[in-house]
Structures are given as C-alpha cells and as structure tokens.
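Engineer: This is the structure I have questions about; it appears just below.
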C-alpha cells in the first residue's frame with residue numbers, strides 16, 4: 001500500500017513558514033509523503049496570509065489554483081479566521097482552520113487521505129530537527145506566538161492572540177537540534193521578539209541542567225554558545241534591547257537588529273498607537289553604534305497612513321537622514337479589515353501614497369548606497385546561499401535571507417551552499433556587494 005501524498009503551499013511571513021514546517025513534520029511522522037506536484041497529491045494544504053488586502057488576494061488566488069489543479073483543498077493560516085470570505089469565493093474547500101490550529105489541519109488531512117495503518121514511525125523516522133522548508137544551512141527559530149500591542153493598523157492580535165512565549169528550554173533544545181543537523185544561521189522570529197517572556201514574568205526554565213531566564217538577552221547569550229550565527233528579527237524597541245548590543249559587540253550575536261519603527265512623525269506614531277519617542281530613538285541609535293560600530297539596522301515604514309500630511313512625511317525623510325538606517329522596507333498604507341485605523345479621518349489619496357513611496361525609496365536608496373560603499377576594501381565573513389555557473393551568492397552579517405541584499409563572491413576554489421568564507425569586498429551598489437574569496 002502506497003503512502004498518501006500531501007501538497008503544500010505556504011504563503012506569508014517566516015512565522016507562517018514555521019507553522020507550515022510544524023504541520024509537515026507531524027504529517028511526515030504519520031507516514032505521509034510531501035509532493036511538489038498538484039496532480040500527484042491526494043490533498044493540498046494552503047497556509048494563507050491575511051495581514052493586508054493584497055496578501056488576502058494572493059491567498060485566495062493560491063486557493064483557487066489548488067482547487068483548479070487538484071480539487072481537494074484544505075485552508076489554514078491567518079486568513080482562516082475569515083472562513084465566510086474564503087467559502088464565498090471558493091465554496092468547494094474541504095476545511096478551513098485558523099493560525100496555530102495544527103491538530104485541526106492534521107485531522108482534516110486524515111479525513112481526506114487517511115494515514116497508512118501499517119506505518120511504523122520508528123522505522124521511518126523524521127529528522128530530529130523536523131521537516132524544514134528553508135535551505136539546510138539556515139532556519140527560523142520561533143520563540144513566541146501572538147502580540148500584546150494594539151497598533152491601529154494591525155489585526156495580528158485578533159488572528160493570533162496575545163503573546164504566548166515558548167518555554168526557553170524547548171527553544172534552546174530545538175536550536176541545538178538544528179545546529180546538529182547542519183544549520184549555520186538561526187533567525188529568531190516572533191511577533192514581538194523583545195517581549196519574550198513578559199507573559200510569564202520572565203520565569204526561568206532549564207537547558208542542559210542549568211536555569212535560563214525566559215528573556216531575550218538571556219536567550220541570546222545561551223544561543224551564542226552554539227557557535228552559529230544568531231540573527232534577531234521583529235525587535236520592538238523596549239529599553240532592555242540596549243542589553244543585547246553588548247552581546248553583538250562581543251561577537252556573540254550577529255550585529256543586526258530588525259526594528260519596525262513604522263514612522264517618525266510623533267503625530268502619526270500616536271495615531272498608529274506606536275511609541276512616539278523618535279528623538280530618543282535617534283539618541284539610542286547613536287549609542288548603539290558607538291558600542292557596536294558594525295551594527296546593521298533594518299526597519300520597515302508605512303507611508304500614506306490616514307492623516308499623514310506633507311509635513312509629517314518630510315519629518316520622516318529628515319529623520320531617515322539622521323538615523324542612517326542600513327536596510328529599509330517601505331509599504332503604502334493599505335486598509336485591513338477589522339483594523340481601528342480604518343475609522344481614522346483624512347485618508348491619503350492613492351496617487352499621493354505612490355508619490356510619497358517613490359520619494360521615500362529614492363531617499364533611502366541614496367543612504368543605502370553611501371553606507372554600503374564604506375564596506376569596499378573591508379574583509380567580511382559570507383555565508384554562501386547558492387552556487388551556479390556564474391558564481392556564488394551569499395550573505396554577510398548585514399543581510400537576512402530574502403529581504404536584504406547579498407554578496408556576489410568570486411572564488412578560484414569551488415564553493416557550495418552552506419560554506420562560510422572570508423571575502424574582501426571590491427564593489428558595491430544600492431543594495432549588494434561584490435567580493436573575492438580570500439579564505
């Protein structure tokens with residue numbers, strides 16, 4: 001008897017990717033095969049994104065494609081909280097579940113394609129690190145779920161609930177398994193990484209027989225013992241974030257902080273229900289760079305938020321000139337169903353949003369170009385992501401996968417994905433570096 005086969009489509013952010021990995025790990029444990037072909041699958045699972053309208057549209061399109069190609073489709077993920085919308089567009093879906101409802105997804109798969117009764121999990125073991133959808137040399141490490149903030153443009157708490165921190169011992173044990181499996185970079189993710197442990201009052205857990213506090217700084221210190229790159233994402237700028245800068249300066253954690261500032265105008269930040277301390281933030285950035293000169297700062301911003309005036313937008317551009325951030329993403333404000341910001345007065349016209357977005361990107365591009373040019377002539381460590389006939393492509397400590405730039409490496413010796421090499425930088429542009437391998 002052949003094993004049932006599952007097709008899987010994973011959309012959205014790295015946190016959703018980790019959810020997909022968890023579901024697939026359970027299905028593989030039960031003997032299911034995972035297939036990349038729609039027509040070879042007994043059932044297709046689509047893990048959706050529902051954060052903004054464009055993501056919902058992409059999710060609905062992916063569901064429709066899976067139905068057209070296969071016909072047996074189970075929907076899960078963030079858009080699953082809007083089951084009526086999904087069924088209105090695609091009434092033939094077999095089941096709809098929300099985010100984090102892993103067991104419900106597996107039960108739905110059982111209902112369509114039951115697992116083999118003669119499957120012995122002890123003879124067909126899943127790798128200890130579980131099924132991973134990333135390349136072997138890096139992995140996302142989710143440390144918590146949900147968020148306690150109530151930003152006016154966001155509906156994540158209504159989809160994923162309040163903050164729930166994973167036990168620190170479980171997180172560190174998972175990290176150990178990943179490193180043993182060959183992972184060389186751990187990307188720490190959550191909805192709010194710097195709030196890790198606040199829901200359980202930073203209670204201590206145990207790892208390798210010793211207590212470790214459920215707190216970002218202590219977690220990072222423990223992860224540093226594993227001897228691989230540790231990169232921090234989605235870090236809300238609480239005061240205790242200052243503590244990890246010392247770990248970065250000492251080489252224990254990558255000197256990289258992903259902090260979603262969203263805007264700089266105090267008036268817009270208040271409307272967003274975000275901290276409106278942009279002047280203090282500039283002072284902190286200055287202190288961080290004094291303590292850790294190699295620090296890379298990444299952030300995301302929203303332009304065209306309801307009520308944003310030309311004065312607010314110019315304030316943001318001036319702030320960007322002061323902050324000199326290294327890596328920046330920018331989005332035009334898009335209404336999200338259920339978000340409080342939808343009720344705010346003075347929406348910004350689409351053509352103004354587009355014009356401001358273009359000006360913002362041009363402004364930041366000049367900053368990025370100048371900052372990257374200072375790295376020419378320096379020697380940096382590069383983790384190789386891919387190799388083809390044109391050469392090797394990798395990332396430095398300043399580059400997260402898929403969202404930042406990359407380093408194009410010229411090497412006389414053959415390279416492969418996962419290699420860590422020393423590179424002398426020879427050229428740069430707005431986002432990327434070029435260099436020669438020296439070791």
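Using N, Cα and C of the backbone, Cβ positions are placed for all residues, glycine too.
These figures come from a predicted structure and were not determined experimentally.
According to Swiss-Prot, the record shows the following:
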- 4-114: domain 'MTTase N-terminal' (DOMAIN)
- 13, 49, 78: [4Fe-4S] cluster 1 binding site (BINDING)
- 133-370: domain 'Radical SAM core' (DOMAIN)
- 147, 151, 154: [4Fe-4S] cluster 2 binding site (BINDING)
- 373-439: domain 'TRAM' (DOMAIN)
Engineer: Around the Cβ of residue 13 ([4Fe-4S] cluster 1 binding site), how many other Cβ atoms lie within 10 Å? Please give the count over every shown protein chain.
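Structural biologist: Taking every protein chain into account, the count is 17.
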Engineer: Helix, strand, coil residue numbers for the domain 'MTTase N-terminal' (4-114) per DSSP?
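Structural biologist: Grouping H, G, I as helix and E, B as strand yields 59 helix, 22 strand, 30 coil.
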Engineer: If you count the C-beta atoms lying within 10 Å of each candidate's C-beta, which of the binding-site residues 151, 154 ends up with the smallest number?
Structural biologist: 151
Engineer: Residues near the [4Fe-4S] cluster 2 site, 147, 151, 154 excluded, by Cβ within 8 Å of the Cβ center?
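Structural biologist: Those within range, site residues removed, are 149, 150, 153, 155, 156, 157, 191.
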Engineer: Can you tell me the CA-to-CA distance separating residue 78 ([4Fe-4S] cluster 1 binding site) and residue 154 ([4Fe-4S] cluster 2 binding site), as a whole number of Å?
Structural biologist: 13
Engineer: Could you name the residues, excluding 13, 49, 78, of the same chain that surround the [4Fe-4S] cluster 1 site, i.e. Cβ within 8 Å of the Cβ centre of those residues, in sequence order?
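Structural biologist: Result: 11, 12, 15, 16, 48, 50, 51, 55, 77, 79, 99.
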Engineer: When you rank 147, 151, 154 by Cα distance to residue 49 ([4Fe-4S] cluster 1 binding site), which of the binding-site residues ends up on top as the closest?
Structural biologist: 154
Engineer: Which one, from the binding-site residues 49, 78, has the smallest tally of other C-beta atoms lying within 10 Å of its C-beta?
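Structural biologist: Looking at the binding-site residues 49, 78, the Cβ with the fewest others within 10 Å is that of 49.
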Engineer: Looking only at the domain 'TRAM' (373-439), what are its DSSP counts of helix, strand and coil residues?
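Structural biologist: For that range the per-state counts are 1 helix, 33 strand, 33 coil.
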